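Peer 1: Please read through the structure below; I'll follow up with questions.
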Amino acid sequence: MAEGKAGGAAGLFAKQMQKKFSRAQEKVLQKLGKTVETKDERFEQSASNFYQQQAEGHKLYKDLKNFLSAVKVMHESSKRVSETLQEVYSSDWDGHEDLKAIVGNNDLLWEDYEEKLADQALRTMENYVSQFSEIKERIAKRGRKLVDYDSARHHLEAVQNAKKKDDAKMAKAEEDFSKAQIVFEDLNQELLEELPILYNSRIGCYVTVFQNISNLRDVFYREMSKLNHNLYEVMSKLEKQHSNKVFVVKGLSSSSRRSLVISPPVQSCAASSPVSPVSPVSPVTSPTSPSATSEPESVSATGEELTSEAGGEDSCESQESLKDEEADEAQSETSSSLPACNGPTPAPASPAAEVGSQEEALSSSAQSPGRGQTGKDTPSPGDVVLRARASSEGAEQSKRAASIQRTSAPPSRPPPPRASGSGSCNAPGSPEGSSQLCSPRASPDASSNPEPAETREKEGAGSSGPEEPRAVSTKSATQASGGLVGLFL
């Protein structure tokens, strides 16, 4: 009996060694290109998906195990903190019995969460991962049967192509090939049917696991929130019982470090109710008092700015009258003979005139108020010539020119060009431009000086420069006044 068993075991071992040798030989021939390897693209794709699914499943299972371990650690830490709090809480303090119930419920809640997490999440993932090993073994077996099938096929082809035919060897080769083909095709077909089903089952597994985790978290956090509110109420009762006790951190005998008073915690109503309670804050100074007192100051400041602007313009006009003595008389008389700044037909301003007006505005803002008044300025020679020519044109034209000066144009019209020697005019957008009109310098001087026109013309002739510029200025003033009469007739 013992000899028979030993012989059978030896025969089985020899048979296995022969298979391993035959498979190794076939693989070497396939790598060298001596034989053709059978391939199935459909199975290879399914096998690739399986290996990817296996790697993802093992990674998720490992992370869930770490998550459960962390929950256990948190459970133990929370339990120790609760037990220590119960030990230090004196029995004569308010809420001693309530604290004992809170600590017990806290421990039970952690235990329930830990057990259900292990049962509904970790065990489900464990069952899902456990089937990978079986499928992996079947895929490896299918690979071995594929090598046997290729080896039997190549052996049959070699026997059939031999020069010397042997019917016994041919029959034996055909029988071995048929067996290897049946075994391989059956196993291959089973895997082709099972692998896609297993690959699609991963979706249902993930849904089940994470639905269970989310539900367990929801229940756990909701119940834990209730326990936290109960604990906060117990501590609030203790605070009311000993309201005269203040938590102070002393400086530990350090001269540079002061004692600190710990602020009270945040109210618990912020978590339970949508509107958080209003905590007492330090009174804030109302902003209405400074604004009420600042209104008169702003009004007075605005008035001072307007006064300084008017004084600056007057002083600018006196400075310009001094500069006119050296400027060109033709340009000064032409610009002075124009109507008011807001006249109906202003000429387009040239770039040079605009630059000059900007420079005059800058100089007027820089001048200090009160340096000179317009009504008291001494008229320049150009102004005297202008007054003489204006009086000789007739009373009717002077009345129409005065009426034109009194009219105000809409604020959208630009100001007329001004030469460097003419009087200053208020801009349309300035506060003074809407209420006051720009007038030639001759109007205040003509009203205050009662001398006749002939005497003033002689004085102007005596103080003016050469005769040629005076003739040109007289001609230009006459043309300008005639054009104004033609426009209003």
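Numbering starts at 1 and runs along the chain as it is shown here.
In case you wondered, yes, glycine gets a Cβ from its N, Cα and C as well.
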Peer 1: For which of SER82, SER294, SER332, SER420 does Swiss-Prot record the feature phosphoserine?
Peer 2: SER420
Peer 1: Would you mind telling me which one of SER282, SER286, SER439 Swiss-Prot calls phosphoserine?
Peer 2: SER439
Peer 1: Labelled phosphoserine in Swiss-Prot - which residue from SER78, SER363, SER398, SER422 would that be?
Peer 2: SER422
Peer 1: For the feature phosphoserine in Swiss-Prot, which residue out of SER254, SER408, SER435, SER447 does the record point to?
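Peer 2: SER435, according to Swiss-Prot.
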